[in-house]
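Chemist: Handing you this structure, nothing more for now.
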Amino acid sequence: MSAERDLLNIDLEDEDKKHKMKRIVPTPNSYFLDVQCSRCSMISIVFSHSQTIFKCPKCQTVLARPSGGKATISPKYSVFEKFSKFSPKIMFFGGIAYDWISTLIKCPRKVNAENYQKRIISKCGVFTGMNNLYDKKQWLFMQDGAPAHTARSTIEYLQKRCKILKNWPTNSPDLNPIENLWGIMSRKLNEFDIKTVNNLEGVVREVWKNIDWGMIENLINSMNRRLELVVQLNGDCNKKTKQKKKKLERDREINDELDREKEEMEQEIKLLVLGTGDSGKTTFIKQIQILYKEGFTENDKKLYRNVIRNNLLSHTKVLVNACRNLDIPLESSNEEIAEEIIEIPEVKNGKIEVEQYEMIQALWSDSALKHAYERRSEFQLPDTADYYLNDVERIMDDEFTPNTRDILNCRIPTSGVRLLNFNIDGIPWRVVDVGGQRSERRKWIHQFDNVTTLIYVVAVSEYNQKLYEKDGINRLDESLVLFTKTVNNKFFKKKNCVILFNKYDLFSEKIKIQDLKVCFPKYKGGKNVEKASKYIKNVFYKAGKNRKRRLYHQFTIGTKTSDIEKVFEIVDKAVANEIKKLGGKL
């Protein structure tokens, strides 16, 4: 792509005009073919050209590259394929006329004026061959503008032997049929298994020797039509070239825009928020939206109203099933209601029937569901279930509009990647939130580029709970395993990391009932909140210990906005140290 862009860095308007004029306006010292010329004026011209033939080591394709520039190959391969100095390659010189084809000459490594005259032109048979067909100096020799070709000694050498098409316009492959011939040859060469330079040379000579004469005649006969087209297009090569030029201009605009975006991205602070499912990552993102953006719009609130009512329904279903699995009997009057509630489909458009709302309220009033809720560590239930079940009447009201706390407590599993862009004191920040469920973790790899700082969210309250995806595995233990793998990944080894020990309020309540041994058998601090907190912090710090980075932490209540403000004070320190480490640049 860089080669294409280099071509576009010139002043297109001025250079194009000059080039087009050279292609359509004759000059006093040049012989340019008249568009009205007959077939006879074409058959007495020798079209010559040097070409490097090589085999691409990547795609194993035989390519034809002009001696001065880029590779020209079949359309399915890029014309800007770079020439490899490690691949088998040979430069050849050849010439064709209507009734004559030259000997194929293998060019010396250095082609100067002397070598061009003595080792190429004199040996290709052009003078003997064409003089046998036409009187001396009644035929024309066309060559490109390479320095060895336009040297004074070369011009004098040729003028003694033939007429020369002087000042033939450069960068005009459409006006030299032998260029088409090289392309045709390269496609034929791909039918052979070429492995060495000697092998390559032999195959090229064999293909050259067996070139179809009819094909050469057709190429030369097409010159009148090509010249007419050049004049019609005001000097442009052909319609495809014109389209290609427009495409290159569009590519330049796109690449300039990409460069600007890249420059902007290099100046922004990028935080990658990671953690297991239901750890509170999305709640953290919501808090950022409250603190540094404009909070939640009316459309956001409508969306969350639907989500909250669905959460309410799904929490009730989970508790009913838990009562059955844990052998907790419901009141007889609620048995039939429980059967009906299980069959209710997902709420659409946030609407729920009055009867359904009454069923949810009746079931939550049943002591069996309360008992099941107290045993929620034995099954999968979001921590915020009681928040909504204790406020059913308000949520089911027709005029219900979620407030900030409602939105922070609602549960929406993150699928894929969510981006949040905002500014703090004029500095652009980008926060990336990815799914924490096991099925979503493979997507993290795409977000590793240019991360400034990691934020890893741990739900410490899950120390006595099992995974959604695989029952039997402790959730906090799974979070520790994932943290260890993540921060020691090659992408993150040198990145500072802020650990949020989240859901600290729930943890503080639970630890008074069940100590940390259920997750960490070596723990000996009993049902003490401070000792349990310190133990968890030390376990994670030990797993992420690395002299090339710093670890920071904060115990947080995800739904408490003031806690997240404190987190960003810590994140500021982590980012500042990262910038300092990189010499002042992100």
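Using the three backbone atoms N, Cα and C, a Cβ is placed for every residue, glycine included.
All TrEMBL annotations are machine predictions without curation.
According to TrEMBL, the record shows the following:
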| type | residues | note |
| --- | --- | --- |
| DOMAIN | 135-199 | domain 'Tc1-like transposase DDE' |
| COILED | 241-275 | coiled coil |
| BINDING | Thr282, Thr414 | Mg(2+) binding site |
| BINDING | 408-414, 433-437, 502-505 | GTP binding site |
Chemist: Based on Cα coordinates, which of the following binding-site residues are within 10 Å of Thr282 (Mg(2+) binding site): Leu408, Ile412, Asn502, Tyr504?
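Modeler: So the list is Leu408, Ile412.
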Chemist: How many helix, strand and coil residues does the domain 'Tc1-like transposase DDE' (135-199) contain under DSSP?
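Modeler: Each residue of the domain 'Tc1-like transposase DDE' (135-199) counted once, the result is 31 helix, 5 strand, 29 coil.
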Chemist: List nothing but the one residue from Leu408, Cys410, Ile412, Val434 whose Cβ has the fewest other Cβ atoms within 10 Å; the candidates are the binding-site residues.
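Modeler: The binding-site residues Leu408, Cys410, Ile412, Val434 were compared, and Ile412 has the fewest Cβ atoms within 10 Å.
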Chemist: Below 8 Å Cβ to Cβ and six or more residues apart, same chain only. Which residues does that give for Asn502 (GTP binding site)?
Modeler: Ser279, Gly280, Phe284, Val457, Val458, Ala459, Val460, Thr556, Ile557, Gly558
Chemist: For Thr282 (Mg(2+) binding site), list the number of other Cβ atoms lying within 10 Å of its Cβ atom.
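Modeler: There are 22 such Cβ atoms around Thr282 (Mg(2+) binding site).
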Chemist: For the domain 'Tc1-like transposase DDE' (135-199), what is the mean per-residue pLDDT, to the nearest integer?
Modeler: 82
Chemist: Report, as a single number, how many Cβ atoms besides its own are within 10 Å of the Cβ of Tyr504 (GTP binding site).
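Modeler: Excluding its own Cβ, the number within 10 Å is 21.
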